[in-house]
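Participant: Take this structure first; my questions come after.
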Ligand SMILES: Nc1nc2c(ncn2[C@@H]2O[C@H](COP(=O)(O)OP(=O)(O)OP(=O)(O)O)[C@@H](O)[C@H]2O)c(=O)[nH]1
Ligand SMILES: [Mg+2]
(Lines of atoms letter the chains of each structure in order from A and count residues from 1; the text may use other names and numbers.)
(Lines give C-alpha, C1' and ligand atoms only; values in the text may rest on other atoms or scores of the structure.)
(Ligands and ions follow the chains in the order given, each with its own letter.)
Protein backbone atom coordinates (compact mmCIF):
# COMPACT_ATOMS: atom_id res chain seq x y z
CA UNK A 1 0.00 0.00 0.00
CA UNK A 2 1.25 3.45 -0.86
CA UNK A 3 1.85 6.01 1.84
CA UNK A 4 -1.11 7.91 0.56
CA UNK A 5 -3.24 4.74 0.71
CA UNK A 6 -2.09 4.15 4.31
CA UNK A 7 -2.99 7.63 5.29
CA UNK A 8 -6.46 7.38 3.85
CA UNK A 9 -7.02 3.96 5.51
CA UNK A 10 -5.94 5.49 8.84
CA UNK A 11 -8.18 8.45 8.47
CA UNK A 12 -11.19 6.31 7.56
CA UNK A 13 -10.47 4.11 10.65
CA UNK A 14 -10.39 7.28 12.75
CA UNK A 15 -13.59 8.44 11.10
CA UNK A 16 -15.25 5.17 12.13
CA UNK A 17 -13.82 5.47 15.69
CA UNK A 18 -15.14 8.99 16.14
CA UNK A 19 -18.55 8.33 14.71
CA UNK A 20 -21.43 8.43 17.15
CA UNK A 21 -23.29 6.23 17.59
CA UNK A 22 -20.50 3.75 16.66
CA UNK A 23 -21.08 1.62 13.58
CA UNK A 24 -22.50 -1.81 14.49
CA UNK A 25 -19.86 -4.55 14.73
CA UNK A 26 -19.93 -6.78 11.58
CA UNK A 27 -21.30 -10.00 13.19
CA UNK A 28 -23.88 -8.73 15.64
CA UNK A 29 -26.54 -11.06 17.07
CA UNK A 30 -30.05 -9.77 17.78
CA UNK A 31 -29.33 -9.84 21.50
CA UNK A 32 -26.04 -7.91 21.04
CA UNK A 33 -27.90 -5.39 18.93
CA UNK A 34 -30.63 -4.88 21.51
CA UNK A 35 -28.01 -4.39 24.24
CA UNK A 36 -26.01 -1.99 22.08
CA UNK A 37 -29.06 0.11 21.21
CA UNK A 38 -30.03 0.29 24.86
CA UNK A 39 -26.47 1.38 25.84
CA UNK A 40 -26.49 4.01 23.10
CA UNK A 41 -29.84 5.34 24.27
CA UNK A 42 -28.58 5.58 27.85
CA UNK A 43 -25.36 7.32 26.74
CA UNK A 44 -27.39 9.81 24.69
CA UNK A 45 -29.65 10.47 27.67
CA UNK A 46 -26.66 11.18 29.95
CA UNK A 47 -25.03 13.38 27.32
CA UNK A 48 -28.24 15.40 26.78
CA UNK A 49 -28.62 15.83 30.54
CA UNK A 50 -25.06 17.19 30.77
CA UNK A 51 -25.73 19.58 27.87
CA UNK A 52 -28.92 20.81 29.54
CA UNK A 53 -27.10 21.34 32.83
CA UNK A 54 -24.30 23.27 31.13
CA UNK A 55 -26.80 25.44 29.29
CA UNK A 56 -28.75 26.20 32.46
CA UNK A 57 -25.48 27.10 34.23
CA UNK A 58 -24.62 29.42 31.33
CA UNK A 59 -28.06 31.01 31.60
CA UNK A 60 -27.70 31.38 35.38
CA UNK A 61 -24.37 33.19 34.91
CA UNK A 62 -25.97 35.46 32.29
CA UNK A 63 -28.92 36.10 34.61
CA UNK A 64 -26.59 36.79 37.56
CA UNK A 65 -24.59 39.18 35.43
CA UNK A 66 -27.77 40.97 34.39
CA UNK A 67 -29.13 41.19 37.92
CA UNK A 68 -25.83 41.92 39.62
CA UNK A 69 -23.73 44.99 39.07
CA UNK A 70 -20.14 44.46 40.10
CA UNK A 71 -17.98 47.45 40.93
CA UNK A 72 -14.33 47.66 41.87
CA UNK A 73 -13.15 50.56 44.02
CA UNK A 74 -9.53 51.48 43.32
CA UNK A 75 -7.12 54.17 44.48
CA UNK A 76 -4.30 54.73 46.93
CA UNK A 77 -4.70 54.38 50.69
CA UNK A 78 -6.87 57.10 52.27
CA UNK A 79 -8.22 58.23 48.91
CA UNK A 80 -11.72 57.55 50.27
CA UNK A 81 -12.73 54.18 48.72
CA UNK A 82 -14.32 52.71 51.85
CA UNK A 83 -15.95 56.06 52.60
CA UNK A 84 -17.48 56.14 49.13
CA UNK A 85 -18.77 52.62 49.68
CA UNK A 86 -20.40 53.79 52.93
CA UNK A 87 -22.11 56.54 50.91
CA UNK A 88 -23.51 53.89 48.55
CA UNK A 89 -24.74 51.93 51.58
CA UNK A 90 -26.29 55.03 53.05
CA UNK A 91 -28.06 55.85 49.79
CA UNK A 92 -29.24 52.37 48.82
CA UNK A 93 -29.07 50.08 51.90
CA UNK A 94 -29.50 52.40 54.91
CA UNK A 95 -31.03 49.70 57.12
CA UNK A 96 -28.07 47.39 56.59
CA UNK A 97 -25.68 50.22 57.43
CA UNK A 98 -27.68 51.03 60.55
CA UNK A 99 -27.34 47.38 61.60
CA UNK A 100 -23.57 47.79 61.57
CA UNK A 101 -23.75 50.64 64.01
CA UNK A 102 -22.24 48.70 66.96
CA UNK A 103 -19.23 47.81 64.87
CA UNK A 104 -18.70 51.39 63.75
CA UNK A 105 -19.04 52.66 67.31
CA UNK A 106 -16.13 50.40 68.31
CA UNK A 107 -14.03 51.79 65.44
CA UNK A 108 -14.91 55.40 66.33
CA UNK A 109 -14.11 54.77 70.00
CA UNK A 110 -10.79 53.26 69.01
CA UNK A 111 -10.04 56.25 66.75
CA UNK A 112 -10.80 58.58 69.68
CA UNK A 113 -8.88 56.65 72.31
CA UNK A 114 -5.82 56.35 70.11
CA UNK A 115 -5.79 60.12 69.62
CA UNK A 116 -5.88 60.64 73.39
CA UNK A 117 -3.14 58.10 74.10
CA UNK A 118 -1.10 59.59 71.31
CA UNK A 119 -1.24 63.09 72.80
CA UNK A 120 -0.28 61.85 76.23
CA UNK A 121 2.63 59.82 74.89
CA UNK A 122 3.81 62.72 72.80
CA UNK A 123 3.59 65.37 75.49
CA UNK A 124 4.82 63.31 78.37
CA UNK A 125 8.01 63.09 76.30
CA UNK A 126 8.19 59.34 76.15
CA UNK A 127 8.59 59.86 72.44
CA UNK A 128 8.85 62.56 69.85
CA UNK A 129 7.59 62.45 66.31
CA UNK A 130 10.10 61.46 63.69
CA UNK A 131 11.49 64.15 61.43
CA UNK A 132 9.81 64.97 58.15
CA UNK A 133 11.31 63.91 54.84
CA UNK A 134 10.86 67.48 53.64
CA UNK A 135 12.79 69.27 56.30
CA UNK A 136 10.58 71.58 58.27
CA UNK A 137 7.53 71.57 55.98
CA UNK A 138 4.77 69.78 57.82
CA UNK A 139 2.45 67.45 55.94
CA UNK A 140 -0.25 66.41 58.34
CA UNK A 141 -1.23 63.19 56.61
CA UNK A 142 2.00 61.91 55.32
CA UNK A 143 4.93 63.62 56.88
CA UNK A 144 5.43 61.09 59.60
CA UNK A 145 5.32 63.74 62.28
CA UNK A 146 3.15 61.45 64.27
CA UNK A 147 4.26 58.50 66.31
CA UNK A 148 3.85 55.09 64.82
CA UNK A 149 1.20 52.78 66.04
CA UNK A 150 0.44 49.19 65.97
CA UNK A 151 -2.74 48.41 64.09
CA UNK A 152 -5.67 46.66 65.58
CA UNK A 153 -4.08 43.37 64.69
CA UNK A 154 -1.43 44.14 67.27
CA UNK A 155 -3.32 44.30 70.49
CA UNK A 156 -0.65 46.01 72.52
CA UNK A 157 -1.60 49.49 73.70
CA UNK A 158 -0.22 52.56 72.00
CA UNK A 159 2.58 53.23 74.41
CA UNK A 160 4.39 49.97 73.81
CA UNK A 161 4.39 50.48 70.07
CA UNK A 162 6.43 53.65 70.40
CA UNK A 163 9.44 52.25 72.09
CA UNK A 164 11.10 50.63 69.11
CA UNK A 165 10.42 53.29 66.56
CA UNK A 166 11.08 56.64 68.07
CA UNK A 167 13.86 58.67 69.44
CA UNK A 168 13.49 60.04 72.92
CA UNK A 169 12.58 63.68 73.05
CA UNK A 170 15.09 66.16 74.36
CA UNK A 171 12.24 68.01 76.10
CA UNK A 172 12.51 68.04 79.89
CA UNK A 173 10.02 66.42 82.26
CA UNK A 174 6.31 66.75 81.40
CA UNK A 175 4.38 69.50 83.10
CA UNK A 176 2.30 68.79 86.20
CA UNK A 177 -0.79 69.18 84.04
CA UNK A 178 0.29 66.48 81.58
CA UNK A 179 1.27 64.20 84.45
CA UNK A 180 -2.20 64.66 85.88
CA UNK A 181 -3.86 63.81 82.54
CA UNK A 182 -1.58 60.83 82.16
CA UNK A 183 -2.74 59.44 85.46
CA UNK A 184 -6.41 60.31 85.02
CA UNK A 185 -6.58 58.88 81.51
CA UNK A 186 -4.44 55.81 82.09
CA UNK A 187 -7.55 53.52 82.02
CA UNK A 188 -7.83 54.37 78.32
CA UNK A 189 -4.83 52.10 77.67
CA UNK A 190 -7.07 49.23 78.65
CA UNK A 191 -9.91 50.55 76.48
CA UNK A 192 -7.56 50.72 73.51
CA UNK A 193 -6.43 47.18 74.17
CA UNK A 194 -9.98 45.81 74.49
CA UNK A 195 -11.26 47.52 71.34
CA UNK A 196 -8.20 46.62 69.29
CA UNK A 197 -8.47 43.02 70.39
CA UNK A 198 -12.18 42.81 69.63
CA UNK A 199 -11.84 44.39 66.21
CA UNK A 200 -9.01 42.14 65.20
CA UNK A 201 -10.22 38.97 66.81
CA UNK A 202 -10.85 37.30 63.44
CA UNK A 203 -7.80 36.43 61.37
CA UNK A 204 -5.57 38.64 63.47
CA UNK A 205 -2.84 36.07 63.48
CA UNK A 206 -2.82 35.63 59.73
CA UNK A 207 -3.02 39.32 58.91
CA UNK A 208 -0.42 40.50 61.34
CA UNK A 209 2.61 39.12 59.62
CA UNK A 210 1.51 40.05 56.14
CA UNK A 211 0.86 43.77 56.44
CA UNK A 212 4.02 45.52 57.47
CA UNK A 213 2.80 48.84 56.06
CA UNK A 214 -0.31 48.80 58.19
CA UNK A 215 1.75 47.98 61.26
CA UNK A 216 3.83 51.07 60.75
CA UNK A 217 0.98 53.36 59.80
CA UNK A 218 2.30 56.18 61.92
CA UNK A 219 -1.11 57.66 62.58
CA UNK A 220 -2.69 58.70 65.83
CA UNK A 221 -6.01 57.02 65.20
CA UNK A 222 -5.20 54.48 62.51
CA UNK A 223 -7.11 51.23 62.82
CA UNK A 224 -6.95 48.30 60.48
CA UNK A 225 -8.50 44.87 60.51
CA UNK A 226 -8.44 42.04 58.07
CA UNK A 227 -11.25 42.77 55.61
CA UNK A 228 -14.04 40.53 54.46
CA UNK A 229 -16.21 38.44 56.69
CA UNK A 230 -16.05 38.78 60.35
CA UNK A 231 -15.43 42.00 62.10
CA UNK A 232 -18.77 43.69 61.54
CA UNK A 233 -20.96 40.66 62.13
CA UNK A 234 -18.89 39.87 65.18
CA UNK A 235 -19.93 43.11 66.75
CA UNK A 236 -23.61 42.70 65.99
CA UNK A 237 -25.43 41.84 69.16
CA UNK A 238 -27.36 38.92 67.75
CA UNK A 239 -24.13 37.46 66.37
CA UNK A 240 -22.77 36.68 69.78
CA UNK A 241 -25.96 35.98 71.69
CA UNK A 242 -25.57 32.30 70.81
CA UNK A 243 -21.93 32.13 71.90
CA UNK A 244 -21.87 31.67 75.67
CA UNK A 245 -18.09 31.36 75.77
CA UNK A 246 -17.39 34.85 74.45
CA UNK A 247 -16.96 37.66 76.96
CA UNK A 248 -17.21 40.29 74.26
CA UNK A 249 -20.38 42.06 75.43
CA UNK A 250 -19.00 42.47 78.95
CA UNK A 251 -15.65 43.68 77.66
CA UNK A 252 -17.32 46.12 75.33
CA UNK A 253 -19.57 47.40 78.09
CA UNK A 254 -16.52 47.81 80.34
CA UNK A 255 -14.74 49.77 77.66
CA UNK A 256 -17.74 52.04 77.18
CA UNK A 257 -18.04 52.66 80.90
CA UNK A 258 -14.37 53.49 81.28
CA UNK A 259 -14.58 55.84 78.33
CA UNK A 260 -17.64 57.53 79.79
CA UNK A 261 -15.87 57.94 83.14
CA UNK A 262 -12.91 59.58 81.37
CA UNK A 263 -15.11 61.86 79.28
CA UNK A 264 -14.61 65.09 81.21
CA UNK A 265 -10.83 64.63 81.26
CA UNK A 266 -10.71 63.90 77.53
CA UNK A 267 -12.70 67.06 76.82
CA UNK A 268 -10.49 69.19 79.03
CA UNK A 269 -7.30 67.60 77.62
CA UNK A 270 -8.27 68.71 74.12
CA UNK A 271 -9.42 72.14 75.37
CA UNK A 272 -6.21 72.75 77.33
CA UNK A 273 -4.19 75.61 75.88
CA UNK A 274 -0.92 74.07 77.02
CA UNK A 275 -1.79 70.81 75.26
CA UNK A 276 -2.62 72.74 72.08
CA UNK A 277 0.64 74.66 72.39
CA UNK A 278 2.58 71.42 72.93
CA UNK A 279 1.02 69.85 69.84
CA UNK A 280 1.72 72.87 67.68
CA UNK A 281 5.32 73.01 68.94
CA UNK A 282 5.67 69.40 67.84
CA UNK A 283 4.13 70.32 64.47
CA UNK A 284 1.21 67.93 64.93
CA UNK A 285 -2.27 68.83 63.63
CA UNK A 286 -4.42 65.94 64.76
CA UNK A 287 -7.58 67.64 63.50
CA UNK A 288 -6.29 67.20 59.96
CA UNK A 289 -5.84 63.46 60.29
CA UNK A 290 -8.32 60.75 59.34
CA UNK A 291 -10.38 59.41 62.21
CA UNK A 292 -10.21 62.61 64.24
CA UNK A 293 -13.02 62.75 66.84
CA UNK A 294 -11.46 64.67 69.74
CA UNK A 295 -13.58 67.76 69.12
CA UNK A 296 -16.68 65.53 69.53
CA UNK A 297 -15.45 63.72 72.66
CA UNK A 298 -18.24 64.97 74.90
CA UNK A 299 -20.84 63.28 72.69
CA UNK A 300 -18.85 60.24 71.55
CA UNK A 301 -17.51 59.13 74.94
CA UNK A 302 -21.01 59.29 76.43
CA UNK A 303 -22.30 55.89 77.52
CA UNK A 304 -25.48 56.47 75.47
CA UNK A 305 -23.57 57.30 72.30
CA UNK A 306 -25.00 55.98 69.03
CA UNK A 307 -22.99 56.81 65.88
CA UNK A 308 -24.65 59.11 63.36
CA UNK A 309 -24.16 58.52 59.64
CA UNK A 310 -21.79 61.51 59.60
CA UNK A 311 -19.67 59.85 62.28
CA UNK A 312 -19.60 56.57 60.35
CA UNK A 313 -18.38 58.39 57.24
CA UNK A 314 -15.59 60.00 59.22
CA UNK A 315 -14.45 56.83 60.99
CA UNK A 316 -11.12 55.56 59.77
CA UNK A 317 -10.59 51.86 59.27
CA UNK A 318 -7.82 50.88 56.91
CA UNK A 319 -8.80 48.14 54.47
CA UNK A 320 -6.52 45.14 54.29
CA UNK A 321 -6.93 42.74 51.38
CA UNK A 322 -10.11 42.86 49.28
CA UNK A 323 -13.52 43.11 50.92
CA UNK A 324 -16.64 41.99 49.06
CA UNK A 325 -19.77 43.94 49.98
CA UNK A 326 -23.07 42.75 48.56
CA UNK A 327 -25.65 45.52 48.62
CA UNK A 328 -29.22 44.30 48.26
CA UNK A 329 -30.98 47.50 47.33
CA UNK A 330 -33.61 48.68 49.80
CA UNK A 331 -34.72 51.74 47.85
CA UNK A 332 -37.98 51.54 45.89
CA UNK A 333 -36.52 52.25 42.45
CA UNK A 334 -33.82 49.61 42.82
CA UNK A 335 -35.57 46.96 44.92
CA UNK A 336 -34.23 43.48 44.28
CA UNK A 337 -31.13 44.66 42.46
CA UNK A 338 -27.79 43.60 43.84
CA UNK A 339 -24.66 45.65 43.62
CA UNK A 340 -21.44 43.95 44.59
CA UNK A 341 -18.59 46.19 45.61
CA UNK A 342 -15.01 45.05 45.86
CA UNK A 343 -13.28 47.45 48.24
CA UNK A 344 -9.52 47.02 48.14
CA UNK A 345 -6.70 48.07 50.41
CA UNK A 346 -4.94 50.92 48.61
CA UNK A 347 -1.53 50.85 50.30
CA UNK A 348 1.32 49.79 48.04
CA UNK A 349 1.72 46.38 49.66
CA UNK A 350 -1.95 45.65 48.95
CA UNK A 351 -2.09 46.40 45.25
CA UNK A 352 -1.07 42.99 43.91
CA UNK A 353 -4.38 41.60 45.17
CA UNK A 354 -6.39 43.88 42.85
CA UNK A 355 -5.69 42.18 39.51
CA UNK A 356 -7.77 38.99 39.97
CA UNK A 357 -10.85 41.22 40.16
CA UNK A 358 -10.16 43.07 36.92
CA UNK A 359 -11.87 40.69 34.50
CA UNK A 360 -15.18 40.35 36.29
CA UNK A 361 -16.49 43.86 37.00
CA UNK A 362 -18.92 46.17 35.22
CA UNK A 363 -17.17 49.35 36.28
CA UNK A 364 -14.11 50.70 38.04
CA UNK A 365 -14.54 53.54 40.49
CA UNK A 366 -11.11 55.11 40.88
CA UNK A 367 -10.60 57.61 43.69
CA UNK A 368 -7.87 60.21 43.79
CA UNK A 369 -7.36 62.32 46.89
CA UNK A 370 -6.93 65.81 45.49
CA UNK A 371 -5.60 66.82 48.92
CA UNK A 372 -2.63 64.56 48.22
CA UNK A 373 -0.79 67.27 46.30
CA UNK A 374 1.23 68.25 49.40
CA UNK A 375 1.31 64.86 51.12
CA UNK A 376 3.54 61.82 50.91
CA UNK A 377 2.61 58.14 51.12
CA UNK A 378 2.69 56.65 54.60
CA UNK A 379 4.29 53.51 53.19
CA UNK A 380 6.98 55.42 51.29
CA UNK A 381 7.65 58.90 52.55
CA UNK A 382 9.67 59.80 49.47
CA UNK A 383 6.63 59.58 47.17
CA UNK A 384 4.16 62.42 46.68
CA UNK A 385 0.57 61.19 46.90
CA UNK A 386 -0.72 63.00 43.82
CA UNK A 387 2.14 61.64 41.75
CA UNK A 388 1.41 58.16 43.07
CA UNK A 389 -2.26 58.59 42.03
CA UNK A 390 -1.20 59.65 38.52
CA UNK A 391 1.01 56.57 38.18
CA UNK A 392 -1.65 54.28 39.56
CA UNK A 393 -4.22 55.72 37.16
CA UNK A 394 -1.84 55.17 34.24
CA UNK A 395 -1.36 51.54 35.24
CA UNK A 396 -5.09 50.94 35.60
CA UNK A 397 -5.84 52.64 32.25
CA UNK A 398 -3.18 50.55 30.50
CA UNK A 399 -4.58 47.22 31.73
CA UNK A 400 -5.92 45.14 28.81
CA UNK A 401 -8.18 43.22 31.19
CA UNK A 402 -10.05 46.45 31.85
CA UNK A 403 -10.12 47.42 28.16
CA UNK A 404 -13.90 47.44 27.86
CA UNK A 405 -14.79 48.23 31.48
CA UNK A 406 -16.56 51.47 32.27
CA UNK A 407 -14.40 53.92 34.23
CA UNK A 408 -15.55 56.39 36.85
CA UNK A 409 -13.00 58.78 38.30
CA UNK A 410 -13.72 60.62 41.54
CA UNK A 411 -11.54 63.58 42.42
CA UNK A 412 -12.14 63.33 46.15
CA UNK A 413 -11.38 65.31 49.32
CA UNK A 414 -12.13 68.60 47.60
CA UNK A 415 -12.99 70.11 51.02
CA UNK A 416 -9.45 69.54 52.30
CA UNK A 417 -7.97 70.71 48.99
CA UNK A 418 -10.01 73.92 49.17
CA UNK A 419 -9.06 74.58 52.80
CA UNK A 420 -5.38 74.17 51.98
CA UNK A 421 -5.55 76.42 48.94
CA UNK A 422 -7.40 79.04 50.98
CA UNK A 423 -4.82 78.81 53.74
CA UNK A 424 -2.25 79.96 51.19
CA UNK A 425 -0.55 76.68 50.29
CA UNK A 426 0.34 77.04 46.61
CA UNK A 427 -0.65 74.15 44.36
CA UNK A 428 2.01 75.27 41.87
CA UNK A 429 4.74 74.78 44.49
CA UNK A 430 4.05 71.04 44.29
CA UNK A 431 2.87 70.69 40.69
CA UNK A 432 5.37 72.60 38.60
CA UNK A 433 3.35 72.51 35.37
CA UNK A 434 0.40 74.27 37.05
CA UNK A 435 0.06 77.90 35.96
CA UNK A 436 -3.54 78.82 36.87
CA UNK A 437 -5.02 80.49 39.95
CA UNK A 438 -4.69 78.97 43.40
CA UNK A 439 -8.40 78.22 43.76
CA UNK A 440 -10.57 75.10 43.82
CA UNK A 441 -12.31 75.35 40.40
CA UNK A 442 -9.04 75.94 38.52
CA UNK A 443 -7.14 73.19 40.33
CA UNK A 444 -10.00 70.69 39.82
CA UNK A 445 -10.21 71.59 36.14
CA UNK A 446 -6.46 71.07 35.78
CA UNK A 447 -6.67 67.65 37.47
CA UNK A 448 -9.72 66.65 35.43
CA UNK A 449 -7.94 67.44 32.16
CA UNK A 450 -4.77 65.73 33.28
CA UNK A 451 -6.56 62.49 34.22
CA UNK A 452 -8.66 62.53 31.03
CA UNK A 453 -5.53 63.03 28.91
CA UNK A 454 -3.76 60.12 30.63
CA UNK A 455 -6.83 57.95 30.15
CA UNK A 456 -6.96 58.84 26.46
CA UNK A 457 -3.27 58.22 25.98
CA UNK A 458 -2.91 54.94 27.89
CA UNK A 459 -6.20 53.10 27.23
CA UNK A 460 -5.84 50.16 24.85
CA UNK A 461 -9.18 51.05 23.21
CA UNK A 462 -11.77 53.85 23.48
CA UNK A 463 -13.83 53.50 26.61
CA UNK A 464 -16.37 55.45 28.67
CA UNK A 465 -15.01 57.68 31.41
CA UNK A 466 -17.09 59.76 33.83
CA UNK A 467 -15.30 62.26 36.07
CA UNK A 468 -16.78 63.86 39.19
CA UNK A 469 -15.31 65.93 42.00
CA UNK A 470 -16.45 64.81 45.44
CA UNK A 471 -16.27 65.33 49.16
CA UNK A 472 -17.09 61.88 50.47
CA UNK A 473 -17.85 63.06 54.00
CA UNK A 474 -20.59 65.37 52.70
CA UNK A 475 -23.67 63.16 52.43
CA UNK A 476 -25.84 65.47 50.31
CA UNK A 477 -23.40 66.42 47.57
CA UNK A 478 -22.12 62.86 47.36
CA UNK A 479 -25.67 61.52 47.00
CA UNK A 480 -26.17 63.64 43.88
CA UNK A 481 -22.97 62.20 42.38
CA UNK A 482 -23.97 58.64 43.31
CA UNK A 483 -27.27 59.03 41.45
CA UNK A 484 -25.40 60.08 38.33
CA UNK A 485 -23.02 57.15 38.72
CA UNK A 486 -25.96 54.77 39.17
CA UNK A 487 -27.64 56.08 36.01
CA UNK A 488 -24.44 55.83 33.97
CA UNK A 489 -23.79 52.26 35.11
CA UNK A 490 -27.36 51.11 34.57
CA UNK A 491 -27.49 52.58 31.07
CA UNK A 492 -24.20 50.87 30.18
CA UNK A 493 -25.46 47.57 31.59
CA UNK A 494 -28.65 47.81 29.54
CA UNK A 495 -26.68 48.47 26.39
CA UNK A 496 -24.36 45.55 27.19
CA UNK A 497 -27.32 43.20 27.63
CA UNK A 498 -28.97 44.43 24.39
CA UNK A 499 -31.96 45.85 26.20
CA UNK A 500 -31.58 49.32 24.71
N1 LIG B 1 -12.46 65.62 54.83
C2 LIG B 1 -12.62 64.54 54.06
N3 LIG B 1 -12.31 63.35 54.56
C4 LIG B 1 -12.51 62.27 53.76
C5 LIG B 1 -13.02 62.37 52.44
N6 LIG B 1 -13.09 61.13 51.92
C7 LIG B 1 -12.65 60.30 52.86
N8 LIG B 1 -12.30 60.97 53.97
C9 LIG B 1 -11.74 60.44 55.22
O10 LIG B 1 -10.48 59.92 54.91
C11 LIG B 1 -10.22 58.76 55.68
C12 LIG B 1 -9.75 57.66 54.78
O13 LIG B 1 -10.80 57.24 53.96
P14 LIG B 1 -11.02 55.71 53.59
O15 LIG B 1 -12.31 55.66 52.84
O16 LIG B 1 -10.87 54.87 54.78
O17 LIG B 1 -9.79 55.48 52.60
P18 LIG B 1 -9.49 54.18 51.71
O19 LIG B 1 -9.26 54.66 50.32
O20 LIG B 1 -10.53 53.17 51.90
O21 LIG B 1 -8.12 53.73 52.35
P22 LIG B 1 -7.50 52.23 52.46
O23 LIG B 1 -8.55 51.36 53.05
O24 LIG B 1 -6.30 52.39 53.32
O25 LIG B 1 -7.13 51.83 51.06
C26 LIG B 1 -11.50 58.44 56.45
O27 LIG B 1 -11.34 58.84 57.79
C28 LIG B 1 -12.55 59.29 55.78
O29 LIG B 1 -13.52 59.76 56.68
C30 LIG B 1 -13.33 63.68 51.94
O31 LIG B 1 -13.75 63.88 50.80
N32 LIG B 1 -13.10 64.71 52.80
MG1 LIG C 1 -10.54 51.31 52.73
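Every residue gets a Cβ built from N, Cα and C, even glycine.
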Participant: If I go by TrEMBL, the feature region 'Disordered' sits on one of 1-31, 32-62. Which?
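Facilitator: Spelled out, TrEMBL records region 'Disordered' over residues 1-31, not the other listed ranges.
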Participant: For the GTP site that TrEMBL assigns to 313, 314, 315, 316, 317, 318, 319, 412, 413, 414, 415, which of the candidates 255, 261, 472 is also assigned?
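Facilitator: Only hit among 255, 261, 472 in TrEMBL's GTP site, alongside 313, 314, 315, 316, 317, 318, 319, 412, 413, 414, 415: 472.
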Participant: Kindly point out the range from 133-175, 176-218 that TrEMBL annotates with region 'Disordered'.
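Facilitator: Of the candidate stretches, TrEMBL labels 133-175 as region 'Disordered'.
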Participant: Measure from each Cβ of the binding-site residues 313, 317, 319, 413, 415 to the atoms of ligand 2 and list the residues where some distance is under 6 Å.
Facilitator: 319
Participant: Once the chains shown are all counted, how many other Cβ atoms turn up within 10 Å of the Cβ of residue 319 (GTP binding site)?
Facilitator: 23
